[in-house]
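Q: Pasting a structure here, questions to come.
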Amino acid sequence: MNTFGRKLTLTTFGESHGAAIGGVIDGFPAGVRIDTQFLQSELDRRRPGRNKFATARDEADRAEILSGVFEGVSSGAPIAFVILNQNQKSNDYENLREIFRPGHADFTYFKKFGIRDHRGGGRVSARETAVRVAGGAFAQMLLNEFGVSVKSGVLSVADVVAGEPDFDLASKSEIYSLGNEDAMKSLIMKAREQHDSVGASVLSVVDGAPTGLGEGLYYKLDAVLAAALMGINGVKAVEIGEGVNASRLFGSQNNDEMSEQGFLSNHAGGILGGISTGERIVLKSHFKPTPSIFKAQKTQNLKGECVEFELRGRHDPCIGVRGSVVATAMIRLVICDMMLLNLGSNLANLKKFY
């Protein structure tokens, strides 16, 4: 499927080495002021080729809005946009025409579809996530109307951990580090110099989300957020609130007691029973090391024969860095979708509207 969301949907298209990538946002309310400078600034945060901690593929990532915006305001029509691919080097992948890259989706996509684009992964390339970032930027323009903010940063790189998360630092950091930035940078560069890669974890928080978002059973807020984050290239695990640590606690430690003023703690991470509590929503995404590494590796070719190959091309030494920007975008899309879905959740809401 190429469409995400229920009430607010984002459909993406394009491949890594195709002419362009792009998206269509449907269900976006009319009357929202569209900030194209903010849109571009978000794309720039994810854009490749900006520094030595990302792939050297240098794309401008300029989004051209084709429809859905009139005189700077959303019109209620589908918002379509396109981002041209301008720095492909398809020859770097010619040696992969008959070979499955270890750790990539080459093998599984070929088994499913019987055909695959060997040039940088084609449709399944992380290049597509630029469209998600653009979609998330539009979602944030709507969230701004309600005082909702979403922030993400790199919490750890391998075994180097940030300590107390500092989102102000992350906003200024080349690698969006939440702390211990120099050690994280050093480890990323060490991996790159050794023709290897390294994993990372990303912390995301949502502030200002209203109480009551999410459906109680089959479209729970935490389940949809987890699915949105797991759908990002390279994410292997997602935690909400205490996450895995909750399995090590007693109920008396994990429960969030309440007073007249509200919750006394937030072990739940802002979600109970699949519905938002009004507290800060807290999520962690765990990214595997970039599977594209420049070491000799054994794999299979299309005939099922064992072969050895060495990768060429341009690749991120740590996908969690730019992945943190994508995580923010996906969370924005989910929160917007849930807010729009919630409008018809009870009679009082309907009477306010009609």
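The backbone N, Cα and C atoms fix where each Cβ goes, glycine too.
So Swiss-Prot lists these for the protein:
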- Arg46: NADP(+) binding site (BINDING)
- Arg123, Val124, Ser125, Asn233, Gly234, Gly273, Lys288, Pro289, Thr290, Pro291, Ser292, Arg314: FMN binding site (BINDING)
Q: Quick one: Cα separation, Gly234 (FMN binding site) versus Arg46 (NADP(+) binding site), in Å?
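A: One finds 15 Å between the Cα atoms of these residues.
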Q: Rank the binding-site residues Arg46, Arg123 by the number of other Cβ atoms within 10 Å of each Cβ, and give the residue at the low end.
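A: Output over binding-site residues Arg46, Arg123: least Cβ neighbours within 10 Å is Arg123.
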Q: Which residues does Thr290 (FMN binding site) neighbour through Cβ under 8 Å, counting only same-chain ones at least six apart?
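A: Non-local contacts for Thr290 (FMN binding site): Ser197, Gly234, His315, Asp316, Pro317, Cys318, Ile319.
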Q: At the level of the C-alpha atoms, what whole-angstrom distance separates Arg123 (FMN binding site) and Arg46 (NADP(+) binding site)?
A: 18
Q: Please report the number of other Cβ atoms within 10 Å of the Cβ of Gly234 (FMN binding site).
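A: Looking across every protein chain shown, the total is 22.
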